[in-house]
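As structure tokens, the structure follows; a few thoughts come after it.
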Amino acid sequence: MKQSMGVRLWRWTIISVVALYLLVPLYAMFDFSTKPFGFADKGRTFRAWKMITEQPDLWPAISRSLITAAIVMALILFLIVPTAIWVHLKLPVLRRPFELLCLLPLAIPAIVIVVGIAPLYRWISINISESPITLAGVYSMLILPYTYRSLSAALDAVDIHTLAEAATTLGATITRVIFGIIMPTIKTGIVNGSFIAIALVLGEYTISNILNFKTFQVVIAQIGRTNGNVAVAVSLASLLFVIFLLLIIPTKKRQGTVLDVDVA
Amino acid sequence: MSSSAYVQLVDLAKHFGKVKALDGLSLDIAEGELVALLGPSGCGKTTALRALAGLQELDRGSMIVDGKDVTFQNANKRGMGMVFQAYSLFPHMTARENVEYGLKLRAHKTTGDKRKARSAELLELVGLSTHANHYPYQLSGGQQQRVALARALAISPKVLLLDEPLSALDAKVRTQLREEIRRIQMELGTTTLFVTHDQEEALSIADRVGVMRNGQLEQIAAPAELYDRPSTAFVAEFVGLTNPIVGKVSGGSIEILGGVVKTLPGSITSGTGIALVRPESIDVVASASGNATVFSASFLGASCRLSITLSDGARVTAQLPSPDAVGLHAGARVNVSLLDLPVFVKAAG
């Protein structure tokens, strides 16, 4: 059916407004990062972008933050997801308390969490490691509200009980049921939850700064204090990187139509 | 209880809170037999099936399959094939991968080639060999249940358990698929327990039908016997339609509709009782001086159902072959009598 001109116009208007809302700040960042900031600069300059590579603290910070994100991701896959599945499958009584527990990091301000967790991290720094990678622990707690919601919604959308029972009668152990049947079934939920988590980890500033860890965001803030143009260039680059990550999420399109014909 | 039974359920009991889902259920199934458990919702039929699958713990009782006590065996070790009421195909696997799943878990016994051959054979058996590479969302409900059946059969199960597998399907597909289930079951000779609340389904494909009520087996018998010779009032009323007609019982017979018919074992033996008469046991003949009037007639194709008002104002339902019902329209005077078939009689009041 052909859509009327009015509907199409309306649709494109909305899309344009949203696109402008999202793209104008990005363009403004690009504009600022290419503005002349030295006496020698004439017109547009990419000096700030070139200077990114010259920041000694930046690359180690990026790799540390990425490693932290990877550890958080692993914790999500091997701890949080199986726990959420277990609670949904075997301990439905605990669903409400578990949900409430997972929402707590959202209700408690980051600064309060830092104050509470600082003595623990002092101990960790002395006894285990001083690496910012240890932040993965507190981050995996911070991301709970987002990851759990996304997982819970995915788990509610499919009849995991029947799937689990079907796999069990076919001979699967509970580990196989969780990792081989239910996790692939709620893949989209896991991927969505993980990306929110990674975006959060890569963007977190308060906790790492107060605990004196040099993570990606902390270093950007430091650079920003000495050279605003470079800081904005780095921020834009990191945003583009995250957008790139989001675009390559392996979401399988459901193609083909339902064959609603029953053959005798 | 015979010791030769392939499956023996002995005195199974299970309660959920105050509700007794199973209350001393005992059931024997012979090898290769298809037994259907029939009953209203909450009668415990699904609990019994799930207990046999190992998905439901019991308070009491034991289960023996092929001479082996499986009561405390884990569900994943029992080797039961199960088809569920809800669609249960693994959504991230194709039809073939679904069928092969159980075989893959027995990887030490099956090679890749054998698995492929087996899944192809089973998809062929359920008529879906052209859909092997389709994902569940590309299949209709009936096709999904066929694949689920193939998946359950792939592991050559000791017992095939069917938990109302057809209830989510529309009427036409349901009839087709139930006949196919029976054909496949007979072809493979798989011992099968089939749970349903649809009596037509149970009566049409089972070797024996067990009627359950409040966690107990009321009667188990071949479909025709269950229908013609119910041993309790509940079975008589639950399976098929009955007309409750009051009459006097004496000496193993009851006097109703101006005639005398034998009573079935289990009926009351004296006094006033209510005979539970099947619509097709009532004979209706057009007669101007008849003792009853046709109130309404519904044409059902091969047969015709008549609602008839008797001289005392009571109303009964009769069912005749359509050719015999020609001219028996609403308002026609008719003579009503009983065929000489035994009826079940319950106590009045």
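Note that Cβ sites are derived from N, Cα and C of the backbone, with glycine treated the same way.
Caution: TrEMBL annotation is automatic and unverified by curators.
Residues annotated as domain 'ABC transmembrane type-1' in TrEMBL: A:62-249.
The transmembrane segment annotation in TrEMBL covers A:12-30 (among others).
According to TrEMBL, the transmembrane segment annotation covers A:66-89 (among others). Residues 95, 98, 132-133, 135-136, 139-140, 143-144, 147-148, 151-152, 155-156, 160-161, 164, 178-179, 182-183, 186, 190, 193-194, 197-198, 201-202, 215 of the same chain lie 6 or more positions beyond the ends of the transmembrane segment (A:66-89) yet place their CB under 8 Å from a CB of it.
Under the heading transmembrane segment, TrEMBL lists A:101-121 (among others).
Within its own chain, the transmembrane segment (A:163-183) has Cβ neighbours under 8 Å at 81-82, 85-86, 89, 155, 190, counting only residues six or more beyond its boundaries. Per TrEMBL, transmembrane segment is recorded for A:163-183 (among others).
Within the chain, the transmembrane segment (A:189-207) has long-range Cβ neighbours (under 8 A, six or more residues past its boundaries) at 65-66, 68-69, 72-73, 76-77, 81, 110-111, 113-114, 117, 135, 138-139, 142-143, 146-151, 153-155, 157, 183, 215-218, 221, 238, 242, 245-246, 249-251. The transmembrane segment annotation in TrEMBL covers A:189-207 (among others).
Long-range contacts of the transmembrane segment (A:228-249) within the same chain: residues 26, 29-30, 32-33, 35, 37, 47-49, 51-52, 55, 58, 191, 195, 198-199, 202, 216, 220-221, each at least 6 residues beyond the stretch ends and with a Cβ under 8 Å from a Cβ of the stretch. Under the heading transmembrane segment, TrEMBL lists A:228-249 (among others).
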